Each structure stands twice: as C-alpha cells, then as structure tokens.
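Annotation source Swiss-Prot lists active site, proton donor/acceptor at Tyr133. Annotated active site, schiff-base intermediate with substrate per Swiss-Prot: Lys161, in sequence order. Taken from Swiss-Prot, the feature pyruvate binding site covers Thr45, Ile203, and the record attributes it to sequence analysis. Look at Swiss-Prot and you will find Thr44, Tyr107 tagged as site 'Part of a proton relay during catalysis'.
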Amino acid sequence: MIQGSIVALATPMEPDGRLDVPGLRRLVEFHIEQGTDAIVAVGTTGESATLDEEEHTEVIRLVVEQAAGRIPVIAGTGANATTEAIRLTARAKAVGADACLLVTPYYNKPTQEGLYRHYLAVAEAVDIPQILYNVPGRTGCDMLPATVGRLAQVPGIVGIKEATGKLERLAEIRALCPEGFALYSGDDATACEFCLSGGNGVISVTANVAPRLMQEMCRAAIAGDRATAEAINRRLEALHHDLFIESNPIPVKWALHEMGLIQEGIRLPLTWLAASCREAVRQAMRQAGVL
C-alpha cells in the first residue's frame, strides 16, 4: 500500500501551451529529492481535461521514465465514458504506471449503480491497481460510502481518494471496506486530521510547492504524533487555502513559476493567476518557508 504524501503533479507547459518536457522531468526529480511518497500524473492538477489522449499518455510515460522505479507513479485515467476510461487505463498500464486514479464520471451524473458498473468494468478490463476518486464539487456526482464498500470487494480496486472534506466519511468508508483498502484525503485543508484519524495519506495540491513539509506532516499524522503533525500543518494552512484562491491548478502553477521550477504556461480555458491574488499566495509560500 502506498502511504503518505502523494503529489497531484502539475503539468509544466511552455508559454504557448506546449508540454514542457524538461520542466516535467525537473519536477519529478524535485519530488524525489524532497521525499514525496508517490506521484499522480495527469490528475485534476495535471490539467488532464486540456490534454489530448496522446499527450495524456506521453506525460505518464515521461513521469514513469524519469522516476525510474524510485517512486510509485499513479496515472489519472478517469473519464465520463467508461470505454474511454478503459482505454486510458490500458494505455497507462502499457507505459508502466504502478496504479491508476479514476475520477467519478463527470457531467453526466450517473446513479450509484452506474458508478458501480463503471468501475467494475474498468477493473475487469485492465489488470492494474485502481484508486477511486470522489470529488463531487467538480464532477456533480457524489459516490456514497455504500457504493465504495461494494467496489472495495472488487479485485484490483485498492483504495479511494475522498475529496469531499467530510471527515466523518473516513469512519463510514472504513467500516464498509476490507482491511488493507487505502483511504486517501483529497482535501489539503483537512488532510492532517484525516491522517490522524486513520487515513493512509493525502493526494495533495499543496505538496507541489511544499513537498518536504507535506511528507513530514503525513508521516507524523499516520504515526499518531498529533503535536508534530499539527505544528507542521499550521505552517501549511495558508497554502492549503490560497492555492485555491482561483481554480486549481491556476495558483499552484503560478507558485511553481515563482519558485523557478516551471515556465509561465497554462491552457485555456484556464488563465494565469490574477495579479490581485498573487500577494496572498506569495505570503502563504513565505509562511511555509518555500519562498
């Protein structure tokens, strides 16, 4: 089981929107050096929605190649068509991903039975560890604990990224799932308490810019060291908030550019961080000691 701080990696782009391959390789090395426990490539923060299928697979391939077995790579392969999710998952497996993260189908708002059949179909079609991803604030679809419990019985479905921010869900899901089923927070603001309450880690936006602190916070929280975990988290609280001052990944890409790690590149309909928001993010970075 992967535990700890799992970065939801931003996808570096050149100012004209093309993929920045050297920048991507540089970010992977940065996370390995900083102690990040695993990388999610082309999730929400990786702008999966604006990458075409070839680019999607290429980013995963490049991250796997650069990681070279030193850190697990989880590929974002969710889609709102089951056939597409199967195809993306198969392609991720073919280029060496260790696991896949599949967001619930978005926009078309499936029923709970539809969600069950969707994930079952992917698990039956592609033999790779599969992590469910529930983020109703983006998808318009909330996967309920009972559905997670059903899916946890399916071979190959190994965990969930639960991004509602509802801490009570941790106990509800844990009670319905077999031992060893991984529960990851998808909400940086509540991740510390999530891990202190028995969660296995966080798939994090904040970890893009403060990877060492996020890893240390997760390690302490999973070990039950509340004092240490909360002390570290206090340094991160402003980042947890201000990296969402505009839609993710707008602020985090600006922050990474401010750190000199990536170029000033993002794809429409996302735009570069508004000037009026920059000082708040800059101050949050200073509070965390990353600027």
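The backbone N, Cα and C atoms fix where each Cβ goes, glycine too.
Swiss-Prot feature annotations superimposed on the structure.
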{"residue": "Thr44", "record": "site 'Part of a proton relay during catalysis'", "contacts (Cβ under 8 Å, 6+ apart)": "Ala8, Gly76, Val103, Val135, Arg138, Asn248, Pro249"}
{"residue": "Thr45", "record": "pyruvate binding site", "contacts (Cβ under 8 Å, 6+ apart)": "Ala8, Leu9, Ala10, Val205, Asn208, Asn248, Pro249, Val252"}
{"residue": "Tyr107", "record": "site 'Part of a proton relay during catalysis'", "contacts (Cβ under 8 Å, 6+ apart)": "Asn80, Thr139, Gly140"}
{"residue": "Tyr133", "record": "active site, proton donor/acceptor", "contacts (Cβ under 8 Å, 6+ apart)": "Gly43, Gly78, Leu101, Leu102, Val103, Thr104, Ile160, Lys161, Ala163, Gly186"}
{"residue": "Ile203", "record": "pyruvate binding site", "contacts (Cβ under 8 Å, 6+ apart)": "Ile6, Val7, Ala8, Val40, Gly43, Leu101, Lys161, Tyr184, Ser185, Gly186"}
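Around Lys161 (active site, schiff-base intermediate with substrate), taking its Cβ as the centre, 26 other Cβ atoms fall within 10 Å, counting all chains.
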